[in-house]
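Here is what Swiss-Prot records for this protein:
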BINDING   12-36, Lys161  NAD(+) binding site
BINDING   Ser144  substrate binding site
ACT_SITE  Tyr157  active site, proton acceptor
REGION    258-282  region 'Disordered'
COMPBIAS  267-282  compositional bias 'Low complexity'
Amino acid sequence: MHSQTRAAVVTGAASGIGLALSARFARAGAGVVMADVEGGALHRRAAELIAEGARVTAVTADLTDPDAVERLAETAFDRLGDIDVVCNNAGVLGPVGQPLWEVPLERMRQVFEVNHWAHVLVARAFVPRLLERGRPAHLIHTASMSAFVVGAGSAAYAASKHADLAVARSLRADPPGDLRGTAVRVSVLCPGRVDTPMVEGLTAPRGAGGDTSVSAEDVAGVVWEALGSDRFYLFSNSDAPLRLRDQFDDVWRHVPLPPPSPEEELWPVPKTTTATTATTKH
């Protein structure tokens, strides 16, 4: 589908992954509507792409406001006509390094409003319009490895990403998701450490190979290659397999399993047999 992507909407498009996605689509010839609450930065980045010859529209929008998101959807369909890709990408890091009881409630609420509530609003505004048109389309939710792996002092961010993962899973096109049997595919993007302004000053995670961080352009490449496919989980960092295995191993250790029945034994013990010698008279 990426070769047929003619129109895309990207939220959180003023910087980081959102900007990289917008640039990837625009440089491939697609029309792009870029949305962000940071209007100044958004319009500067859009102007840079337009100077390259891109077909870009910048829309300043508070994505936590239902009316603003509805206006964004109306503008996007008016400007682009049919839309092939919606990247539900707006996000903030919020407070990190603090235990839950020290995080100001207003800050935690803000993180949930941007990382979760805004994604719900975008899905509610765009998906019905995509279904009405009946054409193939792809909805990309940007979650995080923090939707699976949680560290100390990350309650607000990790909890909001867990919530967004749940929304994406409820929407997915294969059973039992809400979009089963439709032409709208859903994927959830789960990057690890990405070198963007949002994480400047934070310590990069260390893996077996050292620093496992990637660029925003690397992440955009993962999304580009997945467009039109049935891939639901999109991982961008080399340490993802190890981190996921450790997480699910930890879960599995706490699952109370009943003793297997003989039919379920993976390696059943062979039954003992007694040889009988027959004597034949001649």
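Note that Cβ sites are derived from N, Cα and C of the backbone, with glycine treated the same way.
Residues near Val32 (NAD(+) binding site) in space but far in sequence (CB under 8 A, at least 6 apart, same chain), listed by position: Ala7, Ala8, Val9, Val10, Ser22, Phe25, Ala26, Leu49, Ala54, Arg55, Val56, Thr57. Ser144 (substrate binding site) falls outside any helix or strand according to DSSP and counts as coil. Sequence-distant neighbours of Ala20 (NAD(+) binding site) (same chain, 6+ apart, CB under 8 A from its CB) are Ser215, Ala216, Glu217, Val219, Ala220. With a 10 A radius on its CB, Arg24 (NAD(+) binding site) counts 22 other CB atoms from all the protein chains. Taking the Cα atom of each, Gly12 (NAD(+) binding site) and Ser144 (substrate binding site) are about 15 angstrom apart. Of all Cβ atoms in the protein chains displayed, 20 besides its own lie within 10 Å of the Cβ of Gly16 (NAD(+) binding site).
For the pair Arg24 (NAD(+) binding site) and Ser144 (substrate binding site), the Cα-Cα distance reads 20 Å. Its Cβ placed at the centre, Tyr157 (active site, proton acceptor) has 24 other Cβ atoms within 10 Å. For the pair formed by Asp36 (NAD(+) binding site) and Tyr157 (active site, proton acceptor), distance between Cα atoms is given as 19 Å, rounded to the nearest Å. Here Tyr157 (active site, proton acceptor) is compared against the binding-site residues Gly16, Ala28, Ser144, and the shortest C-alpha distance is to Ser144. Taking only the Cα positions, the spacing between Gly16 (NAD(+) binding site) and the residue listed as 'substrate binding site' is 14 angstrom.
DSSP assigns Arg24 (NAD(+) binding site) to a helix in the three-state reduction.
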